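Asker: Checked Swiss-Prot, it gives:
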DOMAIN    141-349  domain 'ATP-grasp'
BINDING   176-231  ATP binding site
BINDING   ASP302, GLU316  Mg(2+) 1 binding site
BINDING   GLU316, ASN318  Mg(2+) 2 binding site
Amino acid sequence: MRNAIKTVGIVFGGVSGEHEVSIKSARTIIHALKHPININKFDVISIYIDKKGKWWPSEIAEKVLESDPNFDKNIFFKQVEFIGLDHLPKETEKIQIWFPVLHGPNGEDGSIQGFFQLTGKPYVGSGVLGSALGMDKIAMKAAFSAAGLPQVNYCEIHSIDLLDKKRLSYLIQKIETQLGYPCFIKPANLGSSVGISKAYDKKELLNGLDLAAQLDSRIVVEKNIKARELECAVIGKKQIKTSCVGEVRYSSDWYDYDSKYSKNSTKTLIPAPIPEKISKEVQSLSILACKAISAEGIARVDFFYDEEKDSLWINEINTMPGFTEQSMYPMLWDASGIDISQLVARLIESA
């Protein structure tokens with residue numbers, strides 16, 4: 001029946017460095033919602049947030065989705081009569097369920113979730129707390145530690161520490177003693193490996209800290225370990241379900257931004273060629289990781305696996321994983337018997 005159809009607001013774009021990834025993910029999700037099995041379940045209203053934070057209605061959002069991601073949006077916007085609003089497009093009043101397809105700051109850090117909460121309408125994914133903890137690597141690691149979950153050794157640094165020579169010298173010595181080289185330097189609140197660097201000596205460490213500090217005031221430095229990288233997808237709120245476990249192998253020195261979004265630089269193995277015992281442990285730890293930070297609805301949990309030591313460590317949790325052609329989240333569910341059209345429907349129904 002027509003009145004049973006739900007109107008879903010797909011919000012994409014955003015002000016973060018993962019703007020283009022968000023556009024690609026939104027394309028995939030909207031295409032899945034227009035599949036024959038979903039056409040009589042959902043109406044879609046697409047809302048585009050440009051890089052300056054302005055919200056644009058479906059008229060323009062659809063043009064963004066249809067166009068080459070490299071086209072000049074500023075020129076395009078000048079050609080249409082409708083000009084961007086500082087407030088919400090009027091058609092958002094029709095939206096019954098929000099589906100934020102936003103990555104990085106302001107998209108999966110609790111900001112947009114707080115806004116959705118104020119509208120009184122349900123939304124796909126974690127709430128404010130789960131999103132905030134899942135975005136900030138320092139807070140996430142603290143929550144994992146409190147839950148007794150295995151992690152690689154790390155140190156936390158604040159950008160203000162870099163201005164105090166004595167404090168910085170102490171922290172460098174601490175990193176060299178506790179973590180050693182090589183090590184990874186990560187901005188605490190960015191995704192898709194944006195701003196991450198690998199340091200093999202003190203000079204590279206200092207350069208990596210400077211780079212991270214330009215992007216975030218909170219920085220994580222992690223010990224480098226020789227390990228395989230495993231991933232597990234999660235869905236559900238009251239009952240959390242896990243997918244099969246996948247593995248990512250890459251030709252570069254580490255799993256950087258280019259590796260994540262280039263077809264030729266990575267190889268995915270689904271299911272991962274690992275012992276069943278390890279696979280079950282990954283699935284179990286994935287559920288515990290979600291509970292530790294109050295993540296729900298959708299998540300992907302990443303792990304390090306040292307097969308020689310038969311050891312697992314949680315790397316991080318992503319509370320709004322990508323839906324691009326190279327994204328593991330939909331591929332893991334597809335291999336688990338849930339295709340993309342079924343998956344997006346389940347995510348909306350779990351809101």
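Placement of Cβ uses the backbone N, Cα and C atoms for every residue, glycine included.
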Asker: Using GLU176 (ATP binding site) as the reference point, find which of the binding-site residues ASP302, GLU316, ASN318 has the shortest Cα-to-Cα distance to it.
Answerer: GLU316
Asker: Within 10 Å of the Cβ of GLU204 (ATP binding site), how many other Cβ atoms can be counted across all chains shown?
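Answerer: Looking across every protein chain shown, the total is 16.
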Asker: Rounded to an integer, what is the Cα-Cα distance in Å between SER197 (ATP binding site) and GLU316 (Mg(2+) 1 binding site)?
Answerer: 17
Asker: Can you see whether DSSP assigns GLU176 (ATP binding site) to helix, strand or coil?
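Answerer: Where GLU176 (ATP binding site) sits, the three-state DSSP reduction gives helix.
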Asker: Taking DSSP three-state, what's LEU211 (ATP binding site) in: helix, strand or coil?
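Answerer: SS state of LEU211 (ATP binding site) = helix.
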Asker: Expressed to the nearest Å, what is the distance separating ASP302 (Mg(2+) 1 binding site) and CYS183 (ATP binding site) at their Cα atoms?
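Answerer: Pair distance, Cα basis, whole Å: 18 Å.
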Asker: Of CYS183, LEU211, ILE225, which of the binding-site residues has the most Cβ neighbours inside 10 Å?
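Answerer: Comparing the binding-site residues CYS183, LEU211, ILE225, the most crowded Cβ belongs to CYS183.
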Asker: Where does CYS183 (ATP binding site) sit by DSSP, helix, strand or coil?
Answerer: strand
Asker: Going along the chain, which residues six or more apart from ARG218 (ATP binding site) have their CB under 8 A from its CB?
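Answerer: Correct list: ASP136, LYS137, ILE138, GLU156, ILE157, HIS158, SER159, PRO187, ALA188, ASN189.
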